[in-house]
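These features come from TrEMBL:
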type	residues	note
COILED	183-210	coiled coil
COMPBIAS	328-345	compositional bias 'Acidic residues'
DOMAIN	26-82	domain 'RING-type'
DOMAIN	119-161	domain 'B box-type'
DOMAIN	269-327	domain 'COS'
REGION	326-400	region 'Disordered'
C-alpha cells in the first residue's frame, strides 16, 4: 500500500513537471524559453531572439546590422493571439523582460538535473526511537505512534501521513496557481497604469498648449497669470502621476513578494520527505493565503487621466479688462446720444441764422429809404464742429 502511494505521488509529481515544461515552451522555436524572455502587452512570452525574428519578418525593409534589427519603431503580431504589438524607438529591446518566467526556468532546470535527495526519516522529539509516521488532525502536526498511544495525542484523531500529504500538496499547488494568476492580473494592471501615465502626460501637454494659445490674446496683461495657471496644471499632473506611480510601486512590491512565495512553493513541492514537507507546508500555505486574499487591488477611477477641469472661461476677465482699457457698450450709447443732440443743435442754429438775415435785409431797406447810416450787421460765428468719436471695435470673445 505504501509503495503504491509513493509510486502515485512520484507519477503525479512527474506530471506536474511535464505540465510546467509545456508552459515554458516558446511558440516560435518550440524550445524552452531562452534568456532574455520578453513579455508582450497581451501577456504572452517570447524569446527576445524569436521576437526579433518575427519583427524582421513583418518589417523586411527595415535596415539590419549583423542580423539584429537596428531600426526604431515598427510593429508585429503576437504568434499566440494575433494581437498587434507596437514597438517604440528601442525596438524589441524596449519590451519588458519577464523575470518571473526566467527564474522559473532556472529552477526547473536545476530541479530536472538535480539527483533525487535522500534524507533520513525525522524522529519524534519526545520518543527518540520512534519515527514520525502519523498526522494529528486535531493539533495539525506530524507525530509518532507512541504519542498517539501514550503521549500528548492519545485523545486526538490521527490520519496516515500520505493522506494528509496528498491533500496539503494539492492545496499548495492550487495556492501557487492562484498566485501566478494574481501576478498576471497585476502585470496587466501595471501595463494599464503605464498607459495611464502616458495619457496623463499627453493630456497635460495638450491642455498647456491650449492654455497658452488662449492667453496669447491677452499676453501683455495676463502673462503672469498664465504662468501661475500653468504651474497649477503641473502640480496637479505631478499629484496624479505620483498617485499612479505609488500604485505601481505598491503592486510591484506585492508582485516581488508573490514571486518569492511562488519560487519557495516550487522548490518546496520537490521535497521528497513527506514528514519534512508536512512540518513546513502549513506556514507556507498561510503566507500564500494571506498574499492572495489579503491584497486589495486599487484601480484608478474612470476618466482619471482627463484634465478637463482646467478649461478656462475668460468672459468675466475679458469684461473687466474692457472696463479698464477698452471701450464699453454704455459709453458708445452715450456718444451716439451726444452726436444726435449735436445734429439737432446745428439744425436749430441754421434756422435762426436765416431769420436774422431776413431781418437784416429789411433793416437795410428802411435805412436806405431814410438815408440814415446803416450799421454793419453782426456776423454770427459759425456753429461749432462736433467731434464724433468712432466707437472702438470690440475684441473677439474667447472661449476656453
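Using the three backbone atoms N, Cα and C, a Cβ is placed for every residue, glycine included.
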So what's the mean pLDDT when you look at the coiled coil (183-210)?
-> 90
Which residues, given as numbers and ranges, are at least 6 beyond the ends of the domain 'B box-type' (119-161) yet have a Cβ under 8 Å from it?
-> 272-276, 278-279, 282
Using DSSP, how many residues in the domain 'COS' (269-327) fall into helix, strand and coil?
-> 35 helix, 1 strand, 23 coil
